[in-house]
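Trainee: Can you keep this structure in mind? I'll have questions shortly.
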């Protein structure tokens, strides 16, 4: 039955496929690309809250933080140089995403993952050995190149390897690994902050080489995806891989659809130009808005700067790092909820529930901070209020971890036609990294200017993005990526742009196949 064809609710074909040991292994190894992304998010926020790190590289920030201990809590760490250390990675990832799109298309998904691992490994070595700010920033740029390659290739790899009915679960493995990376980094920060001599931050930055090594070696052991192999002319290899990942010899219909999609893709000479055509407008809109909204949830305010944020609102050094560990644990376990439910409840249900929960949590967090510090930023948070604050931050993180976190990568990676898929994923990564850079660079200044209103700012965006999902995102669970155009064609708004019965699109049938995704 694994290779058989059934008709799904959208009227297209689905290839039921089951979880074979081989597909589990390939997706597990590829998902490890999320470790480098998550580890960096966690480690950078931790080291920037360590006194020894600030004294060596950012002495003016350290002096400012010390001087403002009893004054304005909102402006304690306001430094563009300090935020540049964190956000420079995302600027490099943004620029890399366009190069990575070509590498992913021409050389395959696995070699793009390999490039990401190697450059991230070099960046971690440079950061761990850094003696000045220039070395730190150079290391961050190399890390950014690695993240750009990994975030371009890993979600595509997972979506193309997974059977349609398991695509959500397996793709979210990337986000699960990201959360594991964040948690590991938080634990390392907590364990190294008290090392005598103040060099614990070197351990944290240098250990980024471990997840980099995992994805580098892992990429060498992986086959490329059938879609990528066919697109590059390795049809027999593609069929052999398809048989292994589906666990059956009966893959002829799925293979034929992949070949048909590849033939149409070859006829497209300029994917970057074609992606602007009206028939791709729904996918392009999703590729731009979902990554943008993912960052406007405000999650990186919490994850980048969790220790700094907790210090700012009155937690001690160790307590702030422990609070970051707690949010890291919540993040990881809540992502498991998404893995279990995404192919049962669907993408829309998780988006809508998670968005509502995050909206309420941001309002409560902003209100608690307003009541404690007002607009002057002067005050001390009581233990009961501090615990309540951590609780609602955890509820916020949980909502993100089973909705906008994993789905922000899953949905853009599964909706594009093969001929524009690499370009579409590149746009998604580019938008994500652009917003991550902007918010990362602006956060501390925004906190100083908007004060508790910053949390209301992100809550407002949560309302907008949840409304967008309710109105404009169709359900994509269980739909083969070769058949995704049917979903768009039946949507109340996007149907006027996508016509599967004309305009060059093909609909599944004995002689007519969908160009799908």
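Using N, Cα and C of the backbone, Cβ positions are placed for all residues, glycine too.
Heads up, here are the entries from TrEMBL:
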| type | residues | note |
| --- | --- | --- |
| DOMAIN | 26-477 | domain 'Major facilitator superfamily (MFS) profile' |
| TRANSMEM | 21-39 | transmembrane segment |
| TRANSMEM | 81-104 | transmembrane segment |
| TRANSMEM | 111-130 | transmembrane segment |
| TRANSMEM | 170-193 | transmembrane segment |
| TRANSMEM | 199-222 | transmembrane segment |
| TRANSMEM | 296-315 | transmembrane segment |
| TRANSMEM | 321-342 | transmembrane segment |
| TRANSMEM | 349-374 | transmembrane segment |
| TRANSMEM | 386-405 | transmembrane segment |
| TRANSMEM | 426-447 | transmembrane segment |
| TRANSMEM | 453-473 | transmembrane segment |
Trainee: Compare 81-104, 111-130, 199-222, 426-447 by their Cβ pairs under 8 Å to the transmembrane segment (21-39) and return the stretch that comes out on top.
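Mentor: Most contacts with the transmembrane segment (21-39): 199-222.
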Trainee: Do we see three or more Cβ pairs under 8 Å linking the transmembrane segment (453-473) and the transmembrane segment (170-193), pairs being at least 6 apart in sequence?
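Mentor: Touching, no - the transmembrane segment (453-473) and the transmembrane segment (170-193) miss the threshold of 3 or more Cβ pairs under 8 Å.
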Trainee: May I ask you to check whether the transmembrane segment (111-130) and the transmembrane segment (199-222) make contact, with contact taken as at least three Cβ pairs under 8 Å and only pairs 6 or more apart in sequence counted?
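Mentor: Since 3 or more Cβ pairs under 8 Å link them, the transmembrane segment (111-130) and the transmembrane segment (199-222) do come into contact.
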Trainee: With Cβ distances under 8 Å as the criterion, find the stretch in 81-104, 321-342, 349-374, 426-447 that has the most pairs with the transmembrane segment (170-193).
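Mentor: Selected stretch: 321-342, with the most Cβ pairs under 8 Å.
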